[in-house]
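Peer 1: The annotation active site, nucleophile is assigned in TrEMBL to A:Ser153. What TrEMBL records for A:Asp331, A:His364 is active site. Look at TrEMBL and you will find A:Arg223, A:Asp365 tagged as substrate binding site. Look at TrEMBL and you will find A:47-369 tagged as domain 'AB hydrolase-1'. The site 'Important for acyl-CoA specificity' annotation in TrEMBL covers A:Arg333.
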2 protein chains.
Amino acid sequence: MSSSPPLVVTPQSMQFAGPLALRSGASISDYTLAYETYGTLNAERSNAVLVCHALNASHHVAGVYQGQARSEGWWDNMVGPGKPLDTDRFFVIGVNNLGSCFGSTGPMHVNPATGRVYGADFPVVTVEDWVDAQAALLDALGIETLAAVMGGSLGGMQALSWTLQYPERVRHAVVVASAPNLTAENIAFNEVARRAIVTDPDFHGGHFYEHGVVPKRGLRIARMIGHITYLSDDVMNAKFGRILRSAVEGENNGEAAGADYRYSTQDVEFQIESYLRYQGDKFSEYFDANTYLLITRALDYFDPARNHGGKLSAALAQARAKFLLVSFKTDWRFSPARSREIVKALLDNSRNVSYAEIDAPHGHDAFLLDDVRYMGVVRSYFERVAKEFQQ
Amino acid sequence: MSSSPPLVVTPQSMQFAGPLALRSGASISDYTLAYETYGTLNAERSNAVLVCHALNASHHVAGVYQGQARSEGWWDNMVGPGKPLDTDRFFVIGVNNLGSCFGSTGPMHVNPATGRVYGADFPVVTVEDWVDAQAALLDALGIETLAAVMGGSLGGMQALSWTLQYPERVRHAVVVASAPNLTAENIAFNEVARRAIVTDPDFHGGHFYEHGVVPKRGLRIARMIGHITYLSDDVMNAKFGRILRSAVEGENNGEAAGADYRYSTQDVEFQIESYLRYQGDKFSEYFDANTYLLITRALDYFDPARNHGGKLSAALAQARAKFLLVSFKTDWRFSPARSREIVKALLDNSRNVSYAEIDAPHGHDAFLLDDVRYMGVVRSYFERVAKEFQQ
């Protein structure tokens, strides 16, 4: 859609003295938020869009880092010059959330109050806390009102929470592949992943940094479980099916496709096993174990209806923004039914809401992938948002 | 349905000199099969029904053990006097499969060829191998032809395989909540469970017996993952939802329901977590880690269409039995679509097949639970089977 040159970006960081009061009752002081911006803030400061990240992403939403190959931002297909969220028109901000492991203050950093690495003592953070921290960053950047806040999955929860915590500061919310809370099954998958990490002997109660080890076994298992829930059954069958690793190796060696079972319980036999092991290994090299616990817990805890007797319509009555909701038919992690709950609750409050249910095959991962219908819907929506401040 | 006294049973075992040739090319000699029988074999030896077990069950299908509380067989609601598979009419046989850990020869036993515990050296066994071993047991019991072979899940795969390996020895096959092979997603879940076990430092390459330890961490994770896939999303929400552990504890103590988050990443917060941890702990106390690897691999490998160019219809052309297939609408592990593949392939061969798709809420677990429609279908089918030998 665009012939613009690649967007080259530089990560930035902002120091905060705090204290930031957290929902747990604890607070955090002397913290840093890593962030990036794309495009230019207009004179009226009316074209800012905040993009919130999900479990394992960061503030590096779009563009590339100077001189670094393969450094594209995690939503580079969505955000950039001429992209659906067009940085030629919007000033886009990505923030790494507190407790994450990509530059903002997290469990691997030193707690200034004790001089020790936080580790498992890093305070539990919630979606609401992240939104408060993001709001403090916007204050520091001189941005009072967002043209839009946008996110997918856990990022969508933050976008939704923005409209409830700071209703006057958000004109539009774009909530993709998200949910108003986790189901028991969602929590169950998170819990298995956490148990795998916590029971890894290298976890050391969350203070593994002091022992010079990383609970990689647990992180691998956590990531493998996650990956299964990100993909649809159909796309897994299409991509891997029952293909044997030996058949693929044979092809790569120019041999006739070997297709016999090796009859082993511990070796890789099927391609899907090879894929999952690879994903698990890669993840365990860079992701922080305490961050995994913190972020999955933030997912578990998110439940705006909770303080409204479980009534989502009552909870969303506070929202003033206009909404775009997007879901994907094959997403079984956050199914379309969950997005429809949000749509219904907004309509109960006569809010302005657009909803697109995309028939993409990729499961939950679809929110990160290219689909012309999905990209088209988001592009059209942001064209409408842009018209509001261009008039 | 029955007012018969409880069925009291005694486990038996049969020694085999072997060797039993396995699909892997290996063979096993000097092995034992644990089994139980219920009811009486008629003079014509025409009323025998073999019941095949799934991942974590055994030969103890029905009845109770003398003087042992809570010793009901795993399918006691299905099999017994006056039950859908009525032991007043049928002679029912349950067999513990080779490689399992409930009495038949398995990885925890001594390999007579080496004098060492098998451990990870126990040969890889397949569904087909189990069926061969079951056939050898029937030979020893003097049973040439089965009135029926029946099983759920992995047990259903064995029932299906019986009709292909010994078409002349099976008059009816009852295949419940099963599939003609595993999908990539099914294999993926098995693989994560296996990785959790194999990477547990207490696994010692499968020779943990010699170290006096058990890879309990891995077994716990494996069981937690399994449990999630056995239950439907709906039944998990109905049973656990987002209920907090503190609320339940408060109720148990006669307090007003406490309903506040504890804000912890490692403690139990939600009831579903408590349930999964309990199931994992219990399982890790009694189940053998190598058996878990072997049985999940047998699931992975089962694929009768594989030697027929992937064509299930071609594979099932060998079957001579009549079939009852049962599936459950909320089963996402082995969905109704998988049973329908089998039904279609049988119909392609003009086989006699009945099919019931039960709208039960319990997911895959439904095959073990009481549902009047499910039980009614099986009861009716066995009444028809009984008529054949009563004439």
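Heads up, residue numbers simply count up from 1 along the chain you see.
Backbone N, Cα and C atoms are what each Cβ position is placed from, and that goes for glycine too.
Annotations in TrEMBL come from automatic prediction, not curation.
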Peer 1: Going along the chain, which residues six or more apart from A:Asp365 (substrate binding site) have their CB under 8 A from its CB?
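Peer 2: Counting only residues 6 or more apart in sequence, the Cβ neighbours of A:Asp365 (substrate binding site) under 8 Å are A:Tyr230, A:Leu231, A:Val235.
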Peer 1: Can you give the mean pLDDT for the domain 'AB hydrolase-1' (A:47-369), rounded to a whole number?
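Peer 2: Over the domain 'AB hydrolase-1' (A:47-369), the predicted model scores a mean pLDDT of 96.
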Peer 1: Let me know how many other Cβ atoms fall within 10 Å of the Cβ of A:His364 (active site).
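Peer 2: Cβ-Cβ neighbours of A:His364 (active site) within 10 Å number 23.
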Peer 1: Can you count the other CB atoms that lie within 10 A of the CB of A:Arg223 (substrate binding site)?
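Peer 2: By my count, 23.
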Peer 1: What Cα-Cα separation, expressed in whole Å, is found between A:Asp331 (active site) and the residue listed as 'active site, nucleophile'?
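Peer 2: Here the two Cα atoms lie 11 Å apart.
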Peer 1: In terms of Cα spacing, which of the recorded positions A:Ser153, A:Arg223, A:Arg333 are within 10 angstroms of A:His364 (active site)?
Peer 2: A:Ser153, A:Arg333
Peer 1: Restricting to the same chain and to sequence separations of six or more, state which residues have a Cβ under 8 Å from that of the residue listed as 'active site, nucleophile'.
Peer 2: A:Ala54, A:Leu55, A:Val176, A:Ala177, A:Ser178, A:Arg333, A:Phe334, A:His364, A:Phe367
Peer 1: How many other Cβ atoms are found within 10 Å of the Cβ atom of A:Arg333 (site 'Important for acyl-CoA specificity'), counting all protein chains shown?
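Peer 2: Taking every protein chain into account, the count is 23.
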Peer 1: Across all chains shown, how many C-beta atoms besides its own are within 10 angstroms of the C-beta of A:Asp331 (active site)?
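Peer 2: Step by step: centre on the Cβ of A:Asp331 (active site), count other Cβ atoms within 10 Å, giving 28.
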Peer 1: Work out the three-state DSSP category of A:Arg223 (substrate binding site).
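Peer 2: Looking at the DSSP assignment, A:Arg223 (substrate binding site) belongs to a helix.
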